[in-house]
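Peer 1: Encoded as structure tokens, here's the structure I'll be asking about.
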Amino acid sequence: MTAKAISSAATSQKRSSFLTQLANPRVYCALLALSLILIVPAVIDSPFVVHVFVTICVFAALSTAWNIVGGYAGQLSLGHTVFYGIGGYTTALLIQHFGISPWLGMWAGAALSALVGIGIGYPCFRLRGPFFSLATIAFLEVVRLLSIHFTGVTGGAAGLIVPLNLGWAWMIFEDKFNYLYIAFGLLLLTLIVSWAIRNSRLGFYLTAVREREDAALAAGVNNTNVKLKAVMISAALTSLVGSFHAMYMTFLEPATMFSLATSIEIAMFSLIGGLGTVVGPLLGTVLVVPIAELARGWLGASANGLHGFVYGTVLVIITLTLPGGLVGTFGNRVGGWIDRLPGGGRRDDGREAPAQRPITGEPVKPILEAKNLVMKFGGLTATDNVSVTLLRGEILGIIGPNGAGKTTLFSQISGFLQPTSGTVGIVGPDGSMTSPTSADEFARLGVGRTFQIVQPFGKLTVLENIMVGAFMRHPKVDDARAAALRVARLVGLDDIKDVEARNLPIGGLKRLEVARTLATEPSILLLDEVMAGQSQSDTQKMVNLVRTIRDTGVTVIAIEHNMQAIMSLSDRIVVIDSGRVIAQGNPQEVVKDRRVIEAYLGEDFVDAQGI
Amino acid sequence: MDVLVQLILNGILLGSMYAIISVGLTLIFGIVRVVNFAHGEFLMVGMYAVYLLGTHLGLNPYVSIVPVVILLFVLGALVQRFIIQPLLGADEHIQIFATVGLSTALVNLALLVFGADLYSLTVPSARQAISVGGNTMLVGQIVMFICAVVLVAGLHFFMQTTALGRAIRATAQNRNAALLMGVRVDRVYVFTFGLGAACVGLASALLIPLYPVTPTIGTYFVLTAFVVVVLGGMRSIYGAFAGAMIIGIVDSLSGYYIAPDLKEVVYFAIFILILIFKPTGLFGFGRGTE
């Protein structure tokens, strides 16, 4: 077959998958509903109605773009009009000084906004909750004040009038309906981008980072990176809309282009519709904006403040009664109704799971070497000169009394804690020893860990939780889903795969920890008390599972308090007490060791027994 | 040199106003653990109340302190009871949205009722200038400074010596432990939120002689108050007091030496730098990344 034939086959396949998408009722219902935005004003044919619909499109697009950072990534920016203003001013100034068409200028604005987004996001993403919001407000205020101060560039508080050259090339029209075409196009663009992110690895990663930063790290997610990607995309989209809106209003002033009130409104529409959902921001805008615009249109200046009062009140009521927003609360039910339409229902395509990452290397050679690990927390030395070597293919048990430093050791050999002194070396795929510096790097090198205190992504289903792990080796959603299903079957979670993780009992959550870690296809598996909270029969299943995993070539280290389980499972045992390794060897030797008995039962007991 | 002394003096007097507002904000954040984005609007409500009492009943603003402090206490307590309390277990972003929504609603309600006009109450006694060693101060500013000092001292005394103060401190340290010791944490929160709002009531009566009231005046002052609170470490009323003085002086100096319209840029820049590099505040009392 020639290359041309292959590529045409690929195109036709793509086209057919696009057509299958169209047959999905969720897709055709959404497109039908969206087309109303063009049909209604075309039928009513009033300049005011066209204006209301342009405003709806603009705010829905802004809110959809905001939702990528505010909803998916959970970073509540209240200064998003920074990007809107940068887009507007860049476009307007490029026309004014260089005669560049807004169709080009808007992309320059988008690029600049993405850069500014990184500049704001990089330092601020470490701030939590309200402090992130406050910092974004502060950035917005700084930009607004500077834009007033540098009158020579922006025209200052007096404002800037866009040069009025009519025609498509200059995005200025006498027939206002043309504006609606562009606004609608921008809305479609943001919705498609938002939908694509939601259904991609990036979307899953953003949710994972929002829910549990540590668990996301353990799944190999570079937290800062994914958040920066989100803010770049969101900033660029916001900026595009800002450019268009400036052309529509033909007048720019700092107070409206960098408005805090508008920033809040954008976020508000998302919350009302449903944070972190694709259609939520659009729905919120469609419900709330017409009220405000109609009040402004009918009551004029006497209603100054009415729309803001309505917005604020609705927002408070929503937080108190429907914190999930409309889509979060009713989305599943309505989605179910839509799925009953022709062509609906999720088809389980029974896709074959992709090949697992092969584990190569000679057995019984060192695969992980921890040398002289010292970890000090203030005055407390949690691990004191601990050295452990892990041999490929073994199951190493780590035991010791509570507070001995076992989990601290785990955190150091998985990159979650940087040792005060000492080194951790991992044998990479090429056989050489490397010392990664961050937890996500450890994960990508094949060190998978579970958490003693379980860290589920509560709002994701069991399968989606496992998928977050599977994405590390299988970037495509379908592959990751298939791989996650395979792991779910192996760990015994397949019958509850569609349950939201927060509804699981502790035993299930422990197994979910194992499943998510296994899905990253590690070569070294660190299990931190996974038997705790399991029933007798489940413990036996878990023991068998760990053996099965080892038989596929994975090397296992397990911290465990369940002595019976760990003794029968381990090839070798390391005993830690007060931050030191006090004994190691095969299980039979270790249980007879005087120091070990002392550590568990005390010196008196040892003396009384005459051991 | 003379200019510098006068500028620093102005800064301290301005700082005392920020201190009163910020101490209230700090109480609410430090104890209820909620960032009250509507704090500035409480100030605005208080100022309109003082204005109305002055024009309709002829009350001197300094007399209005009593009714307005009570009014704001009740407003704060009601907001805590009916908006914040039900959301204490909710996600952080929901709490942010709730107070942001309240703030938006109150600003626009004021716009609807009073319009965008400036309203001011003339209080000649407060605008009298006093000259000390060649430096001028307004009586109203001096009263503000005294009130700020008395407020912080009074709160210190209250927190350290009374049973309620002890309960509040215990709740701030560890909510669950306080609950187990029989502290009625819900009531402590309602009282604290009221107390925080009451501080703004005091501020509003002291501000009226010096600033006209508009619907957006709260936003203007509260953003600065947030800067102060972060600077002061977010949990400490003493930190807030010190932070307020620093911001007052920065405001006054940068307005003179850099440009009047860039002084906010200067302290917002300080704010961002502090949040990023020293989230525990200048004095290490709290944590912005917590």
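One is the number of the first residue shown, and numbering goes on along the chain from there.
Yeah, the Cβs are placed from backbone N, Cα and C, and that goes for glycine too.
Remember, TrEMBL labels are computer predictions, not curated facts.
Just lifted these from TrEMBL, have a look:
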type	residues	note
TRANSMEM	B:12-35	transmembrane segment
TRANSMEM	B:65-84	transmembrane segment
TRANSMEM	B:96-116	transmembrane segment
TRANSMEM	B:136-159	transmembrane segment
TRANSMEM	B:188-211	transmembrane segment
TRANSMEM	B:217-234	transmembrane segment
TRANSMEM	B:241-259	transmembrane segment
TRANSMEM	B:265-285	transmembrane segment
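Quick one: where do these features end up spatially?
Peer 2: Under 8 Å from some Cβ of the transmembrane segment (B:12-35) lie the Cβ atoms of residues 43, 80, 84, 88, 95-96, 99, 137-138, 141-142, 144-145, 147-149, 151-152, 155, 168, 171-172, 188-189, 192-193, 195-200, 202-203, 206-207, 221-222, 224-226, 228-229, 232, 234-237, 239-241, 243-249, 251-252, 286, all in the same chain and six or more residues away from its ends.
Sequence-distant contacts of the transmembrane segment (B:65-84) (same chain, at least 6 residues past either end, Cβ-Cβ under 8 Å): 32, 34, 38, 42, 45-46, 49-50, 53, 59, 95, 98-99, 102, 189-198, 200-202, 204-206.
Outside the transmembrane segment (B:188-211), and at least 6 residues removed from its termini, the chain residues within Cβ reach (under 8 Å) are 17, 20-21, 23-28, 31-32, 36, 39, 42-47, 49-51, 54, 61-62, 64-65, 68-77, 79-81, 84-85, 88, 120-121, 123, 126-127, 138, 140-141, 143-144, 147, 151, 164, 167-168, 171, 178, 217.
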Peer 1: Considering only Cβ pairs under 8 Å, which range in B:96-116, B:241-259, B:265-285 makes the most contacts with the transmembrane segment (B:136-159)?
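Peer 2: That would be B:241-259.
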Peer 1: Count the CB pairs under 8 A between the transmembrane segment (B:217-234) and each of B:96-116, B:241-259, B:265-285, then give me the winner.
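Peer 2: Between the stretches B:96-116, B:241-259, B:265-285, B:265-285 has the largest tally.
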